[in-house]
């Protein structure tokens, strides 16, 4: 079956050199970086991703989320993929990362690359490409991915707990966290649109449904009808069994319906609802929610993903190329 997707062809080259400002390190990332050492790298990733998403379409969201959670802690260095060791609790075991999925899929793609080109393609690049392909295969946009990231050797659960944008975050906190990664308030509004894919466990939003405050049982910024519906799935703040779609009705498809839910006060997380409390993010939500600017959102998302994928990257002789993504060499 042909996959329809919107391809962003002419993104400014400056975006490929962006991270926290015009970093000379990021300039070492290149389109076609593996053209001589592993010329089929992107094709190998895409072919394996087609099999993965065809068998489990619901994995598109989790694989995109893995990339997000990687880049927000120590930059895009695949540190989120490392297992904990006897003396170190790694990022993946931090509380905000307990619900991450897709690690097996990353290992599967990495194994294919190792078979074709041993010790060549980094896990950081694998994860960046898989995130892009997950969006494409969910009928979202495509964008060029500059490559050449190296893998980090350090992974800290404490850092993850401190640096990841929380689901309960308000605009001042979220913009501060994004700014620390060289991302602005527009990037916040745009990248929140990734919530068009995937599901969430009850504890990540149950605080909005039960004992919200002394004045309100439920979060007043949440549509009451929607809150009632969520309570039928999420029985208590400790209910860990049930999943809710972040974009009800199209959680396996990358589209703009997330913004329509948020505009109707039906965003699942506090951080989604927060987008309506700031003039800039509210205007963006309301504009995209009209359904008349899907192409604008797709272009914006592509540009913001390029920026995020270049945050804090390791290049050159630093770091390493892991043979297996869950353990340092």
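Glycine too: its Cβ is placed from the backbone N, Cα and C atoms.
Unlike curated records, TrEMBL annotations are generated automatically.
According to TrEMBL, the protein carries these features:
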- 1-27: signal peptide (SIGNAL)
- 28-329: domain 'Plant heme peroxidase family profile' (DOMAIN)
- 65: site 'Transition state stabilizer' (SITE)
- 69: active site, proton acceptor (ACT_SITE)
- 165: substrate binding site (BINDING)
- 196, 247, 255: Ca(2+) 2 binding site (BINDING)
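Projection of TrEMBL feature records onto the structure.
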residue : record                             : contacts (Cβ under 8 Å, 6+ apart)
65      : site 'Transition state stabilizer' : 100, 102, 194, 198
69      : active site, proton acceptor       : 80, 91, 96, 97, 100, 160, 164
165     : substrate binding site             : 72, 173, 174, 177, 178, 271
196     : Ca(2+) 2 binding site              : 246, 247, 250, 251, 253, 254, 255, 256, 257, 258
Which listed residue (247, 255) has most other Cβ within 10 Å, given these are binding-site residues: 247
Near-site residues: Ca(2+) 2, ref 196, 247, 255, CB cutoff 8 A to centroid: 193, 195, 197, 250, 251, 253, 254, 256, 257, 258
